[in-house]
């Protein structure tokens, strides 16, 4: 299957169903009263972690994710049905952002759910709107709009250990030697163009190792596999630098690798590192290894030959030891298994802007919510909308901005006269 680790989508939560105006009309029942039911809630767009998924290929080609709308209320006080949610399966390690790169949430566990776009609330029917002062209202509420916006989705592979190095240093050969993974192995650069995962077991302790695409100088600027490669390293708890003794200067290669990590994210240098010198069967490899050990202090260096498999078990035990002594990283943005993200801000915020001498623009979630709930073809519904605006202080704010009787007030796409 083609590996895709980035997708751009637009999510549309369902609108709430409309409440209706109805009255109880039965024989021998005088003054039956209001009987209009409420609308059902719109469906939300919910992403679900699935350990069986390993690519964002489906999301790449499914640009629009739409949840169904709630059902309108019915007479005899019957409420409309809530719409089913739209569940979208994604791989573990999927991260969600808005179009302007604001973090929404991430999926780390199997069956973990993340509500990205919340469905609209169903509107109230006239039965639910009845009060002591108005026992038979002739108006109802329209359903709230569901949230809709563009998102960016990234997959950062979940692995305990990441193998990194320049192209053709032996990463794919190493992961196939220590696990049952079978990546493509060839003698030309960039054979690995997608991450490969392998499970390694040492004395009953198992962990996941990722063979990541080859890194080149200036990868943090987008060269080679660029950021598509570097972002996968962020998940790994331990990094294994694979240096080829075929190189004229393995130490310089090591410095270049760490410089690329630093330029992308300085926090990556805080991760534990193991250095592997591969191709120790080549001439002059021992001399290069001696020079390397003189320059690099305090980090384990394991000489390796994937021809004779020397020191392979030592490397596996070192990986296991490092992992068991490295605490799991906790993402501060993801404290709960269930995360609800909503684009709405403070409901009580009202903004009044003077657009011209006689036109004032009013915005704010509370105003816009009641605007969309109002049926402007129903006079009683419009009167209720005006009462609500006065109650939440809009009239007072307009007067502070200099609004006079006869001026116009713009709310969403509609103009009103200021009286």
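In case you wondered, yes, glycine gets a Cβ from its N, Cα and C as well.
Swiss-Prot lists 1-158 with the feature domain 'Obg'.
The domain 'OBG-type G' annotation in Swiss-Prot covers 159-324.
Residues or ranges marked as GTP binding site by Swiss-Prot on the basis of sequence analysis: 165-172, 190-194, 211-214, 278-281, 305-307. Annotation note: residue 165 (GTP binding site) sits in a coil segment as assigned by DSSP. Within 10 Å of the C-beta of residue 165 (GTP binding site) there are 23 other C-beta atoms, taking all protein chains into account.
Feature annotation from Swiss-Prot assigns Mg(2+) binding site to 172, 192; the stated evidence is sequence analysis. The DSSP secondary structure for residue 172 (Mg(2+) binding site) is helix.
Marked as domain 'OCT' by Swiss-Prot on the basis of sequence analysis: 342-419.
Non-local neighbourhood of residue 279 (GTP binding site): 170, 244, 245, 246, 285, 305, 306, each in the same chain, at least six residues away, with C-beta under 8 Å from its C-beta. Shown for the domain 'OCT' (342-419): DSSP residue counts in helix, strand and coil, namely 29 helix, 17 strand, 32 coil.
Using a 10 Å Cβ-Cβ cutoff, residue 305 (GTP binding site) registers 18 neighbours.
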